[in-house]
Amino acid sequence: MSQMTPREIVSELDKFIVGQQAAKKAVAIALRNRWRRMQVDKSLRNEITPKNILMIGPTGVGKTEIARRLAKLANAPFIKVEATKFTEVGYVGRDVESIVRDLVDGSIKLFREQEMAKCRYRAMEAAEERILDALLPPARSSGEEQHESSTRQIFRKKLREGDLDDKEIEIEMAATPVGVEIMAPPGMEDMTSQLQNMFSSMSSGKTRKAKLTVKKAFKKLTDEEAAKLINEEELKAQAIEAAEQNGIVFIDEIDKVTKRDNASGADVSREGVQRDLLPLIEGCTVSTKHGMIKTDHILFIASGAFHLSKPSDLIPELQGRLPIRVELEALSPEDFERILTEPDASLTEQHQALLATEGVSLAFSKDGIRRIAETAFDVNERTENIGARRLHTVLEKLLEEASFNTDGESVEIVVDAAFVDKQLGELATNEDLSRYIL
């Protein structure tokens, strides 16, 4: 679990997301409170429940990006889901309890990766011995044993230096579990995975011989040896505990399940989904293939654009379970400028790196960046406002000719205001063209 302070979390998010300080502060405090809760006395710890967050803001301003970056920072079980994928219990589709099942599966995967990383060195040593056994015939006498020992050291040195990577050897390794594809109706994924696990366990313990290059064999044997060193029962217990105590669920597009006054037809995936989410967010026990999971201390962060609805259109009970409200601001031309240059691996850096592979040197001048930002902002204002995502469209159209005409020769392209006007002038000013092309 992350031990970063709120200030450090915001500083890390600043590297990738421009502005939106209120939202960053809210998620940073919520993440830090997870750590703070684990430090208090156990009797009080169970009484401290997470304060769930509702992020409100137009599309393309950074709501989903905050979730993506938070997942990497949290170092805790984390899952991001779309509210629109769920239907209420009794209808075809996924029920909301599958969120918790996926969270637990993700937690087990996270802990398995951490454990495998810890015992990686021991696993590599064991894999090395198995490859040397395959490369060298067994000794038949004590004299041969001594000779084999020195030969083994020579081969070990060659193996570590990569001289034997392309040599093909025959090794005995664990048999691949039987692959059984089961087509099940939506909403029955849990039963499907249990059936697949049952068929997989039927082939466990069996081995097979395979011919592989030393490089591929070393990787497969390292993974196999690492898996042997892991205590699966202990790992599952720790992963379930982490999911219950430190798990974070990010529910995107929550506004799409609000009831609309002018909507006709059954609200299968709307109010019903909200009512199903209530016990999950309030705290209940969910049955999974790994056992019963309590959701009392899982942190829920919901987000939505609320273009066609308002947060007050959510059912009152759900509003009460999302006590912290954060409003994200619409992006200005200045924000677009910063998005193009400031974040790590910014859009301009990505395009420069891609074209550099073919000898094209791409340079962006300050007035060029400004003009790109203004163009994206103007198109957003005149057509649909899709926020920072508009920059992807504008940049792709701007550099289309440069990307198409590369032929391996060294070329220098300077993207200034004149270049932008030449490539995008007509598209940006003609509303019909910008609506369908940009």
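Just so you know, the numbers here start at 1 and follow the chain as drawn.
Any Cβ shown, glycine's included, is placed from N, Cα and C.
Owing to the predicted nature of the structure, the values given are computational and were not obtained by experimental measurement.
The ATP binding site feature in Swiss-Prot is assigned to Val18, Gly60, Val61, Gly62, Lys63, Thr64, Glu65, Asp252, Glu317, Arg389. Under 8 Å, Cβ to Cβ, and six or more positions away along its own chain, Glu317 (ATP binding site) finds Leu278.
Each of the binding-site residues Val18, Val61 was scored by how many other Cβ atoms lie within 10 Å of its Cβ, and the smallest score goes to Val18. Cβ environment of Glu65 (ATP binding site): Phe16, Ile17 lie under 8 Å away, each six or more residues apart in the same chain.
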